[in-house]
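Annotated in Swiss-Prot:
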type	residues	note
BINDING	510-517, 1135-1142	ATP binding site
COILED	701-734	coiled coil
DOMAIN	112-397	domain 'ABC transmembrane type-1 1'
DOMAIN	474-700	domain 'ABC transporter 1'
DOMAIN	777-1060	domain 'ABC transmembrane type-1 2'
DOMAIN	1101-1336	domain 'ABC transporter 2'
TRANSMEM	120-140	transmembrane segment
TRANSMEM	149-169	transmembrane segment
TRANSMEM	248-268	transmembrane segment
TRANSMEM	771-791	transmembrane segment
TRANSMEM	815-835	transmembrane segment
TRANSMEM	904-924	transmembrane segment
TRANSMEM	977-999	transmembrane segment
TRANSMEM	1002-1022	transmembrane segment
TRANSMEM	1025-1045	transmembrane segment
Amino acid sequence: MFTKILKKFFSSYEKLKDNEDENEPSSNSTNNFYKTCPEDNSSKWSKISFNWVTKLIMKGYLKESLEMNDIYDLPELNKVQTTSKLLEDIDLSNNSNYTLIKHIYKKFLPKNKYALVSNLFIIIFTFLSPICLKFLINYISIQDENEKSILKGILLCCLLCLCVLGQSISQELFYWFGIKNGFDVRGALAAKIFEKTLKLSNASRKEYKSGKIMNIMSIDVANISEYFWTHHINIVSHFIQILSLVGLLCYVVGPSGLVGFGVMVIALPINAMLCAKSSNYLEKSLEYSDSRTNLTSELITNIRPFKMYAWENFFINKIDGQRKQELKNIFLRIFYSILDHMMIETNATLVLVSTFATYSLNGNTMSLDVTFTAMTIFSKLEVPLIRLPYDIFKAIGLIPSVKRVQNFLKSSESLKYNKNFKNENQKITTTKENNNQHGQDNDIIVENCTFQWNEPENNNIFELNYGDNEEEENQDESINKKENDNEEFNYKLKDINLIVPKGKLTMICGVVGSGKTSLIFGLIGEIYKLNGSVSGVPNNISFTSQQPFLLSASLRENILFGNEFDIERYKKVIESTALTKDIVNLAGLDLTEIGERGINLSGGQKQRISLARALYANSDCFIFDEPLSAVDPEVASHLFDHCIQGELMRNKTRILVTHQLQFIPYADHIIVLNSNGQLIQGTYQELNEKGIDFKSILKTKEIKKNVENETDSEELIKNEIEIENEIIDVNNAISDKNDPNLIEKAKLLVKEDKNEGEVEFNVYKKYFSYGSSGVTLFITISLFFVGQAIFKVSDFWLTIWTERSIEGKSDSFYIGYYLLIFGTFVVILMIRILLLCRITFNVGKNLHSALLKSVTYASCRFFDTNPSGRILNRFSKDTSDIDIHMFDILTEVSMCFSELTIGLISIVFIIPIMVIPLIILSIAYYILQRLYRPSARELNRWESITVSPIFSLLQECYNGLLTIRTYKQESRFIKEMFDNININLGCFFYSFAVHRWVSMRLEVMGWIMVFFTSLIATLFISNNGLAALSVTTALSLNGYLSWGIRRIVDLEVKMNSFQRIQSYIEIPKEGNKLVSTNSNEVDNHTIKDADLVNWPNKGIIEFKNVEIKYRPNSEPNLKDLSFKVQSSEKIGIVGRTGAGKTTIASSLFRMVECSKGLILIDGIDISKVQLQKLRSSIGIVPQDPFIFTGTIRSNIDPFNEFTDFEIWESVEKVKLKDAINSMPLKLETALQENGDNGFSYGQKQLLCLCRTILKNFKIILMDEATSSIDYHTAQLIKQTIQENFKDCTTLTIAHRLETIIDCNKIAVIDSGQLIEFDTPSNLMNIPNSKFNKLIKSQTDYNNNEKTIINK
């Protein structure tokens, strides 16, 4: 009822305010904020009282929620675009570990002038308060009522309360100005880290994985920015307060005060040691946190292959190992923090006891004014005494974070960001005319270059390599010497000399692992060049990698890639890349969201979108790294004729890396690399004359090229792609952005859930259920109240001591009992903190374990609809909140409310009439917290949610660094990141503004409480001792009012992190659980593993009317699919790219469940087989090769099931023995994520094949297993497969028809349907069969036909 009245009242107020603000100017910001910050145009009084925040408070209260468009824009001075400029001129070239922190002090401290002034007033009022209290207690102590002037008493009360109010206002303004400064540091550092991420070299990326960078941006930047809130000023301020208050103490109690000060000084080194220990364990915990986050990121990014290999448990155990070490160091950090806290509490009392004992033993009388003034001074001293070690701890804890950020900012960058590299590429070599290669102007010329992936020992390579020829010769000798001395220098390419003619098509080919990708990376400055020169490389380059980089955005946005939309060019690009049919089949046409890394597209579709992006960019130079291997022959021919050789690229410089040698004769220039990295170059005719027999390589008599009489492309017979483009109008592929139905269909990513309203009791109950029983929790909470009650007894005992209430007792009696009371308090304090530590530690441990298992066992649909950055946010920031912050917050909330409760009871016990003002204040307190909490809670929730886009973009850009840099799109992504950071900082900014709003009002309420208590005690309480005690108690409670409500909201905020984690723990699991918490817990419809011991033993596969949908309301990807595979049969699956071939593989592994129909293996419905059993029973060589962080051995045999001999035998079968033997540590060589530091793309495919050969599977599925391998190696691997898999049922998905030509049967898939299924010979005998056309479209037609006839 009371709440309804409040809402009705404030609703009227809100309408009045809306009328006043109708003409309020709107912001031009492009983000979701819609109004300028009210602080900019507010009066001085409004700024001091924070009245400018009131409207936002009212909105949150009346709506019980806040949306993004309710939040004001960030002030221009605090936006990242402004603050990041302060770090632009930082010089990190020296070896000092403190360069960054010095620069921050230099640039940001001048902005803190208002905070410094506010802090000065805090010091002044802190010093004056005890003096005013001394005068007031002196007045109270006057025994003769006739000597007391009521007016004087009132004036003394007002003077005391004025000091209290002045200190409170100064404190709030100090926090506000200080936090704004730290806030600026946070934004500037986050911006700098992202800018650096976009420049990282390949060598730096080995050390700095995306997970580690996320931790640096979230945890380390937060540590640094929090230090610059107030701690950097408080270190000096608190020291000054301690000295001034100790001086005042000496004034009150004489030299006895120095004894207490001495005790305090003696304890400080112990505090410092404990702080250092705690900081040391914090640094270690951050290292393990980095490792854990990196592994988690790897798991989430590669979740599909992990599931297909049934390796979830293996990687969960790997992550758990890092988590255990992280938790161990977190516990030790908290333990030493507890000891430090105990020392502070003990020290504060020992200082008081030693001072009073010395004062009494020296013959002085303990009077009220001395006792309670000293108590107040000690109370005032307690704050800097507690906070100074904490400030020092923050400063010490800052060091590892500063080092981590600084080391990251100092890490090596891609060479293209070096001005020497830029200058070199912009000039043509002056000695070109003396070179026997005779390059023309604007040709790309590489002279005497040595390229390597790893960072050289002397990473200032430009100073080494630029100069005259004599210096270069000396450099060559130096390099060769180093190579002999250090086996870690593994040069992939040495002494490279080549020309890429301008405006021509240059093809690069060679055996797998010969260095083709390394060569093009060297051209664009992505690997290290130790000597020689590269010139003529255009500034404007389009690039496609073997693993296409796709944004989590619409298909159109991926093609445009930041360029303006030109509809005519866009249409031509879609037709040239054969995307028309694919786009028309998508639910939202070209506006369809394609998911992170193109997760809902086939490999061929992803490659064609990457090609379309390159084509649309209209660059001067195009570099394609094996784009044609991912598509079928028909599409490959179309892409070559209409894209690579088409009108949009005509007369442009094109470099094509390919194993598709049927296109070699059409090249203007050819570069052939052998296995030693040596190259031969020339035209097709010149290379034939040099002995390069392409005819023997291609195994065909049909390959010819007559340069003078090249066949005109317009005379070629139209293939099916061209017919499709004529039938399907390209306009049908372009969607209307204003069509709401289409936009809804186009969406893939789900909106991140935001909790609404108050945190319910059940949420707290659920949280504590992870950490303890109800009994343990009850005991812990009770001990907080019991402890504070005992502590309050010690204050009453001081009053008894002062008044000598017990006759005939000496000072030692009072001191003894005082120490006994305090000793009891210390014991209870230790027990309650250790119990709470144990509870929060167990919560963190159990919660992360549950989260990891839940996410790992979630369906693939979950990963399709949630970007990896959003998921990782649960494992980084949210987990950090639970691990680190919850213990501190719960401790402070418990202490605050137990202190408030016991303190208020004490005041009412002494002054019963105080019940009336306290009831009035309680009502006001209730109203304030009701107004404040909704806005504070919602702003903090938005702050948590708006972190996810930052992490998602960081993860995405990290994965696509090469593409982003090559297309020179850094500025676009920096702008997007700056907008994301500003949105997040905006929530953070107004969250603190709301805190200050309520704190200011609560401080005023506290001032009112102090005023009434001191006034009533002064005028109406006859017992002078109790009167003095009530005043000092009211003074001590003043800060608890605002502190308590702020910490309550902080608790709700951290509970929001818990709720976000809990929501992921409760997500549906895929199919039948892989691992149950109870091993006997099996679905009633699931077949137990015990009944499938030897399954499958025949390998018979049957699809019965199978229908597969990736989205509930989308068109089926497989339609009414039915076929049967007999035991040991070899089935080849072919079809146009995007036809549904890989979906067949996914359905066999139940990566996506059948919406209709059945899949049977040896007569058993696989939907009733537990996923762990199903997936571990089928071998897979995936379309995208999968290498995880670890050794070569662990990648081949993660469970240590095989001997060295067996592993080497399988390695030799896949032709990787020489490559692995050339590595320093052989099988123990460490590979980074994706294996980029050790293997080429083709070699990674062979490594995946090695895993499958090693295990004895009855059913094996190969999805484009040799697509990126040269023809010769592919033939050897084909023979290996035939020998090792002869007794296995094999399904082979391939675009190279020679790969599947020996299969027993061929399944031809088109648009998700099985259109042909028969033996190769039978299908060849049908003139118009799809398979017949595919065979004839291949270069190796005669050889394939002969193979079929022989069979």
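Glycine too: its Cβ is placed from the backbone N, Cα and C atoms.
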### Query
Any contact between the transmembrane segment (149-169) and the transmembrane segment (120-140), i.e. 3 or more CB pairs below 8 Å with pairs at least 6 residues apart?
yes
### Query
Thr1137 (ATP binding site) has how many other Cβ neighbours within 10 Å of its own Cβ?
24
### Query
With pairs closer than 6 in sequence left out, are the transmembrane segment (904-924) and the transmembrane segment (1025-1045) joined by 3 or more CB pairs under 8 Å?
yes
#### Entry: Confidence summary for the coiled coil (701-734), mean pLDDT rounded
46
### Task
Mind giving me a neighbour count for Lys1141 (ATP binding site)? Other Cβ atoms within 10 Å of its Cβ, every protein chain shown.
28
### Message
For a quick check of understanding: among the binding-site residues Gly510, Gly1135, which residue's Cβ has the most other Cβ atoms within 10 Å?
### Response
Gly1135
### Task
Return one of helix, strand or coil for Gly1135 (ATP binding site), based on DSSP.
strand
